[in-house]
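Engineer: Pasting the feature list from Swiss-Prot:
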DISULFID  Cys18-Cys69  disulfide bond
DISULFID  Cys22-Cys44  disulfide bond
DISULFID  Cys30-Cys50  disulfide bond
DISULFID  Cys34-Cys52  disulfide bond
DOMAIN    8-70  domain 'LCN-type CS-alpha/beta'
MOD_RES   Lys71  lysine amide
SIGNAL    1-7  signal peptide
Amino acid sequence: IGMAVECKDGYLVGADGCKYGCFTRPGHFCASECSLLKGKDGYCYAWLACYCYNLPDSVPVWDSATNRCGKGK
């Protein structure tokens with residue numbers, strides 16, 4: 001019996017709805033953060049934010065349609 005696991009890629013977001021910044025972080029920061037959230041890998045993208053691959057579907061990622069960064073709570 002097989003089991004399907006939903007995975008997604010995207011920018012990590014903090015509690016404030018903003019992407020995780022990585023400009024001043026060590027090179028391995030994003031990969032480590034993605035791994036902690038059960039993602040396969042990650043890197044600091046050109047927008048200077050952490051991008052992750054194969055995250056569990058339950059992990060929130062940044063979405064322009066639901067962006068709340070800088071808009072208060």
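The backbone N, Cα and C atoms fix where each Cβ goes, and this holds for glycine too.
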Engineer: To the nearest whole angstrom, what is the C-alpha distance linking Cys44 (disulfide bond) and Cys50 (disulfide bond)?
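Structural biologist: Here the two Cα atoms lie 5 Å apart.
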Engineer: What recorded positions among Cys18, Cys22, Cys34, Cys69, Lys71 are found with a C-alpha within 10 angstroms of that of Cys50 (disulfide bond)?
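Structural biologist: So the list reads Cys22, Cys34.
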Engineer: Starting from the Cβ of Cys30 (disulfide bond), draw a 10 Å sphere and report how many other Cβ atoms land inside it.
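Structural biologist: If we count other Cβ atoms within 10 Å of Cys30 (disulfide bond), we arrive at 24.
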Engineer: Taking every protein chain shown into account, which of the disulfide-bonded residues Cys22, Cys44, Cys52 has the largest tally of Cβ atoms within 10 Å of its Cβ?
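Structural biologist: The most densely surrounded of these disulfide-bonded residues is Cys52.
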Engineer: According to DSSP, collapsed to three classes, what secondary structure does Cys69 (disulfide bond) have?
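Structural biologist: The residue in question, Cys69 (disulfide bond), is coil (DSSP, three-state).
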Engineer: Which entry in the list of disulfide-bonded residues, Cys18, Cys50, Cys69, has its Cβ near the fewest other Cβ atoms, using 10 Å as the limit?
Structural biologist: Cys69
Engineer: Tell me the Cβ neighbour count for Cys34 (disulfide bond), meaning other Cβ atoms within 10 Å of its Cβ, over all protein chains shown.
Structural biologist: 24
Engineer: If you measure C-alpha to C-alpha, which of Cys18, Cys22, Cys30, Cys69, Lys71 (recorded positions) come within 10 angstroms of Cys52 (disulfide bond)?
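Structural biologist: Within 10 Å of Cys52 (disulfide bond): Cys30.
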Engineer: Enumerate same-chain residues with a sequence separation of six or more from Lys71 (lysine amide) and a Cβ-Cβ distance below 8 A; give 'none' if the list is empty.
Structural biologist: Gly17
Engineer: Are any of Cys30, Cys34, Cys69 (the disulfide-bonded residues) within 10 Å of Cys22 (disulfide bond) when you go C-alpha to C-alpha, and if so which?
Structural biologist: Cys30
Engineer: Round to the nearest Å and give the CA-to-CA distance linking Cys18 (disulfide bond) with Cys30 (disulfide bond).
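Structural biologist: With the alpha carbons as reference points, the distance is 15 Å.
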Engineer: In angstrom units, rounded to an integer, how far apart are the Cα atoms of Cys30 (disulfide bond) and Cys69 (disulfide bond)?
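Structural biologist: About 19 Å separate the Cα atoms of these two residues.
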